[in-house]
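Report on the structure given below.
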Amino acid sequence: MDSRTVGILGGGQLGRMIVEAANRLNIKTVILDAENSPAKQISNSNDHVNGSFSNPLDIEKLAEKCDVLTIEIEHVDVPTLKNLQVKHPKLKIYPSPETIRLIQDKYIQKEHLIKNGIAVTQSVPVEQASETSLLNVGRDLGFPFVLKSRTLAYDGRGNFVVKNKEMIPEALEVLKDRPLYAEKWAPFTKELAVMIVRSVNGLVFSYPIVETIHKDNICDLCYAPARVPDSVQLKAKLLAENAIKSFPGCGIFGVEMFYLETGELLINEIAPRPHNSGHYTIDACVTSQFEAHLRSILDLPMPKNFTSFSTITTNAIMLNVLGDKHTKDKELETCERALATPGSSVYLYGKESRPNRKVGHINIIASSMAECEQRLNYITGRTDIPIKISVAQKLDLEAMVKPLVGIIMGSDSDLPVMSAACAVLKDFGVPFEVTIVSAHRTPHRMSAYAISASKRGIKTIIAGAGGAAHLPGMVAAMTPLPVIGVPVKGSCLDGVDSLHSIVQMPRGVPVATVAINNSTNAALLAVRLLGAYDSSYTTKMEQFLLKQEEEVLVKAQKLETVGYEAYLENK
């Protein structure tokens, strides 16, 4: 796929999953970390460097063996990376050393974001770690405030919530001997996150917004998509994209945000690498965050929608697997339950179990968040009822894996009309999906559906709409697929308004329009279109036409035999 060698500073679980993605693309990787680190366990190479990613000499050894140098952890020696840019001008380093410098010190990160007009929590430096200085912080920011380590902090380590002045001595003891800063407490209702990919050319691409749930300052769960309105997701996407645009270089970035009670969004922290909140992408998205990072730093193609969910109905929950606090390896019982749960995938990192140590994660994928949560409850032991799938359900799932026809409507009030199309497609054995996509109330969802449909294997779209009936035309404007419009009869004008709206499309945006409320014909037309891809559907259509003809001929013969009066009496 690519002859260049990628050097990775750090061989933990993130490096391990970068290597997994690289292996699929036949990209060679060399790793700098301790012997038998998680990433090295799955990469049999004599070129790996045993050492520390913060040691200048070890970093230089790695640089001599690669064409592109990247990181799986930001706590690396930046001066050495800057020297390498001079010493090895052909060596590409992503993210750029300057970006790593700006981000690895969290207070400098905040100052950079403020300078670029990005909304963040109010912060102040703690020049001297003393009770007096923290009393002054409490006076300026108010209690509670968060005391944070400026560097070398992750997974909740390096944070302490100071609820009142009596807690100051404890905070100083916990965070002693490190540079500190303080943040004003953000009264958030949810913590959100998003993975942002930045290309070599500076283009940015967003993954779905997710919601993270923390326990003991460590990420426990990640819900994808986030359980917030579409409008909030859009604002979060724009905020995160603008933040990443302010940094030089390329790669993937994890952006954590606070969603406040007021509806305001604030950036919490940024990581210049793959992130825990993006692990769900391995199973839920077209491209995982790890492959996306490789595509970015190697300037490989980034096709349209490569960061989107695999299907319009994809929902996911990521559960971190932490070392049990009391019994070593007890967390593996959770993994065993996950293996018995449909739609769940287990990822273990090859790390020795220690209390609260991340040793793996579990991705749970389903067509609804409620179904994801049902599976989560079994995996975590909240319920002992195993999740079973009947033979019929398995067949349904197999049919839904790659739907060929998308049936959409602007409102559930259109479903009685559109259900006839569903019945026809079932009779013809056509796999299809059904959902609600409002052109006016959910425009972003409509756009995402139209743009992603062809990438997901959909061959044609049936769109039902009443009233203004903009849905079929708007979808047709954003997809290369054939769109069949079904005018739905409303309370006014008997559906003629819908018919005129759909049929009168401008040149260049065709919509095949059927009669008012006639989703049956829409489905039959869809089957005919599918015949161009699969001759079995043409055969089924021929059989359908013969059956129609036979039904009419039987009726004609009966009418001719008994006469019209007897025919009407017995009909």
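A Cβ is built for glycine as well, from the same backbone N, Cα and C atoms used for every other residue.
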Listed residues Ser37, Ser96, with the one flagged phosphoserine by Swiss-Prot: Ser37
Among Gly138, Pro187 [binding-site residues], residue with fewest other Cβ within 10 Å: Pro187
Phe145 (ATP binding site) - helix vs strand vs coil (DSSP): strand
Neighbour tally for Asn159 (ATP binding site), based on other Cβ positions within 10 Å of its Cβ: 17
Largest tally of Cβ atoms lying within 10 Å of a Cβ, found at which of the binding-site residues Leu152, Leu180: Leu180
